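These notes concern the structure reproduced below.
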Amino acid sequence: MGGAVVDTGDSGVKAPDGGWGWAVLFGCFIITGFSYAFPKAVSVFFKELIREFGVGYSDTAWISSILLAMLYGSGPICSILVNRFGCRPVMMVGGLFASLGMILASFATNIIHIYLSTGVITGLGLALNFQPSLIMLNRYFSEKRPLANGLAAAGSPVALCCLSPLGQVLQYKYGWRGGFLILGGILLNCCACGALMRPLMALKKTSEVDEKETKPKPKPKLLDFTVFRDRGFLIYTVAAAIMVLGLFVPPVFVVSYAKELGNEDTKSALLLTILGFIDIFARPTCGIIAGLKWVRPRCVYLFSFAMIFNGITDIIGSMAKDYPSLVVFCVFFGISYGMVGALQFEVLMAIVGTEKFSSAIGLVLLVEAFAVLVGPPGAGRLLDATKNYMFVFLLAGCEVVLSALVLAICNMLFIKRKPEQPDPPAKMEMAVIDTEMEELNKAPKNDQDNGGGENGKKQAIEQEATTKSDD
């Protein structure tokens, strides 16, 4: 299970697009669900934490923010560990960390303890699972990759539909401490998902063994910074950082918004279930659409449309004044949020390729971590100052729309499509055909110089027959 064999990224193994890849997809489905649903599901306990420790909305929002910041900010560390040790051992250790953090949080005596345990330790554990699972998914799927990304991304809403009501039930029966303890036990399933990440091994032919042994193998880079030379990667990174500022704000605050309007706790938590249920179908559907032949080359613009759709939904949802209007908001937000979730890493894979993806995703997540660390707490500060959720949702929508415009406009202005060139084998065939045609054209002239005759006619007939056979 050494990292040098597993994770060089360019092993020469063709992606199977199936087989054991479906087991890898299932593991990635579970890991994605835990990684993205946990910061939202933990928000169910915010009201109890406010009562327990006497803090404000912005203080509790830091829990989700730190958790997401660790999930994103530890990306380069994950890339180095994956390139050194491989995906499987890194994920199994990460599962232990994720569980340990929630167990320690159940014994917290102040909000700082929860920041360190749930935010830092659990966030690091989820990061050590999330990024390697995406790397393995990228290696097992090529032609079916958009569909695989859509199905794996559907793990987030499925987990949200389960974890949000489960958290509410655990809070009523066992309190927030008992709920954290049980959730820590559930996170041990990350270790089982890590065991599914079997590395791809190249089948060596006997005739090629000696040649490969004689060639010195270059040492794989633990973190490849050459991706920053790619304009497409730079544009994507800037747009994604702006998007993350507002993307996660509505799911974090929608439950509190419903409670502020006078709805029951269970009824308010149902909004996340509705959002997640719509999201379940939006992500695979968007993955199928992104895999179409005429859509896949323009996947960046589909991603931009998804972000604009999401931002406009936030802006319109800021005017919600009752529970039915919040339900409608969650339906449209679920559709747009699912589209963004299904496309964000598919676009990155298409930009940088398989070889550099392990480093690119770590660097992108690091840049996004700063935005994640500012987004929800900044919205919480705005809420504490204005006591109005409308401004929180307006700000989030404007940030997401701005990111879509940056991605689409910069891609049109600075990214030019390279003209399609024939492959090297096609070039060789064209050269051979040209030389044959030149020789055939010379043959009739030589026959005329020889004075014609029966021999010349026979040679001409034979040459015509050979040209037909060659053609």
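Each Cβ is built from the backbone N, Cα and C atoms, and glycine gets one as well.
Copied from TrEMBL, the annotated features are:
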type     : residues : note
TRANSMEM : 20-38    : transmembrane segment
DOMAIN   : 21-415   : domain 'Major facilitator superfamily (MFS) profile'
TRANSMEM : 61-82    : transmembrane segment
TRANSMEM : 89-108   : transmembrane segment
TRANSMEM : 114-135  : transmembrane segment
TRANSMEM : 147-166  : transmembrane segment
TRANSMEM : 178-197  : transmembrane segment
TRANSMEM : 233-258  : transmembrane segment
TRANSMEM : 270-292  : transmembrane segment
TRANSMEM : 299-320  : transmembrane segment
TRANSMEM : 326-345  : transmembrane segment
TRANSMEM : 357-377  : transmembrane segment
TRANSMEM : 389-414  : transmembrane segment
REGION   : 422-471  : region 'Disordered'
COMPBIAS : 439-448  : compositional bias 'Basic and acidic residues'
COMPBIAS : 455-471  : compositional bias 'Basic and acidic residues'
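Ranked by the number of CB pairs under 8 Å to the transmembrane segment (178-197), the listed stretches 114-135, 233-258, 299-320, 357-377, 389-414 are led by 114-135. Distant neighbours of the transmembrane segment (326-345): 36, 134, 146, 149-150, 153-154, 156-157, 240, 243, 247, 250-251, 254, 257-258, 261, 271-272, 274-287, 290, 299, 302-303, 305-307, 309-310, 313-314, 316-317, 320, 361; these residues of the same chain sit at least 6 beyond its ends, with a Cβ under 8 Å from one of its Cβ atoms. Remote same-chain residues near the transmembrane segment (389-414) are listed as 231-232, 235-236, 238-243, 245-247, 249-250, 253, 256-257, 260, 300-301, 303-308, 310-315, 317-319, 375, 379, 382-383 (criterion: CB distance under 8 Å, separation of at least six residues from the stretch ends). Counting Cβ pairs closer than 8 Å and at least 6 residues apart in sequence, the transmembrane segment (270-292) and the transmembrane segment (147-166) reach three or more and so form a contact. Contact between the transmembrane segment (114-135) and the transmembrane segment (357-377) holds: at least three of their C-beta pairs are under 8 Å, each pair 6 or more apart in sequence. Using a Cβ-Cβ cut-off under 8 Å and counting only residues 6 or more beyond its ends in the same chain, the transmembrane segment (61-82) has close neighbours at 3, 7, 35, 38-40, 42-43, 46, 49, 90, 114-115, 118-120, 122-124, 126-128, 130-132, 135, 222-223, 244, 248, 252, 358-359, 361-366, 368-370, 372-377, 379-380. Listed by sequence, the residues of this chain that lie at least six past the ends of the transmembrane segment (147-166) yet keep a Cβ under 8 A from its Cβ atoms are 21, 25, 28-38, 40-41, 44, 133-134, 137, 140-141, 183, 269-270, 272-273, 275-280, 282-288, 290-291, 334, 338, 341-343, 345-346, 349.
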